[in-house]
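Below: the structure, in structure tokens.
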Amino acid sequence: MSAKKIAIIGGGNLGSAIAQGLLKSGFSNAADITVTKRNTATLASLKAAGVQIETDNAKTIREAEVVVVALKPYNVREVLQEFRASFDPARQILISVVTGVSIDDLDHILPGMAVVRAMPNTAIAIQESITCICAKNTSEEQIRYVKTMFDQLGATVSIDEKLMDAATVLGACGIAYALRYIRANIQGGIEIGFDVRTASLIAAQTVKGAAELLIRENRHPEEEIDKVTTPKGCTIAGLNEMEHQGFSSSLIKGITASYNKIIKG
Ligand SMILES: NC(=O)C1=CN([C@@H]2O[C@H](COP(=O)(O)OP(=O)(O)OC[C@H]3O[C@@H](n4cnc5c(N)ncnc54)[C@H](O)[C@@H]3O)[C@@H](O)[C@H]2O)C=CC1
Ligand SMILES: O=C(O)[C@@H]1CCC=N1
């Protein structure tokens, strides 16, 4: 467990998911987590769990040892500029989960601050995120602390900052892509006879099983696909029709469109 006081600036979708994960994992005491937001009404369940809910960013930043910034890319610079005097580079770590804002950008606003860029996904709420991290100006101890924190909330991978936008697409946006894939399976499942609840359970557990084959057994997808595709069978018939309709191609194009959106705006 961490005894450090953690401030989460921006308690939106991701900020509140991080708070939930910190609580669920037992990494932090509820009393050591403060989440800020302008309108705090949506944070009632975190408040009920004992998390400090604040509108005062200056006070929250001053009292924290770790400041997680989960603001939108368009207002993060302005908000950090506004509260720059509340930061103390001598004793704090800044963790930014903001898309497309570089460590140099952050360093420009908060010179000398130990900065970690982290790219988790919303499964962080249930300790199942993959979080890509990169850092600047951080001591071994600080980076170890941040890695330990995100390890409690799923898995972590250290990457070069130049891959951070790619990590955003594959890991963070990837939750939406995976869920849309599952939803399409549910729709197909209903068409061939299942009620929605049963179709959802079968589709989600099947994707979980497929993922675990790769993660736990370290297999290549095609190796596992070969085990399923009986010659002249129904799997290959379905798979080939999906490919004729552009399945893999549409996913690859979607991933590159998402990436281009980050880098070209
Ligand atoms: N949602 C996701 O799955 C992921 C989001 N990200 C990044 O995380 C950041 C946050 O994304 P979301 O949580 O989706 O956005 P969001 O819009 O849900 O959350 C941002 C929150 O900041 C609050 N806010 C705005 N100004 C504030 C201020 N001055 N003080 C305190 N709070 C303030 C807003 O009210 C809002 O609740 C973005 O930069 C996004 O690119 C990164 C990975 C995954
Ligand atoms: O859609 C977005 O821009 C953000 C970044 C990663 C997930 N959501």
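Any Cβ shown, glycine's included, is placed from N, Cα and C.
Here is what TrEMBL says about this protein:
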type    : residues                                                            : note
BINDING : ILE9, GLY10, GLY11, GLY12, ASN13, LEU14, ALA70, LEU71, LYS72, PRO73 : NADP(+) binding site
BINDING : ASN57                                                               : NADPH binding site
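Cα of the residue listed as 'NADPH binding site' to Cα of LYS72 (NADP(+) binding site): a distance of 15 Å. Here the binding-site residues are ASN13, ASN57; the one with the fewest Cβ atoms within 10 Å of its Cβ is ASN13. Long-range Cβ neighbours of ILE9 (NADP(+) binding site) (same chain, at least 6 residues apart, Cβ-Cβ under 8 Å): GLY15, THR36, ASN57, THR60, ILE61, VAL67, VAL68, VAL69, ALA70, LEU71, VAL79. A 10 Å cutoff on Cβ-Cβ distances gives GLY11 (NADP(+) binding site) a total of 25 other Cβ atoms nearby, all chains included. Listed in sequence order, GLY10, GLY12, VAL98 are the same-chain residues at least 6 apart in sequence whose CB falls under 8 Å from the CB of LYS72 (NADP(+) binding site).
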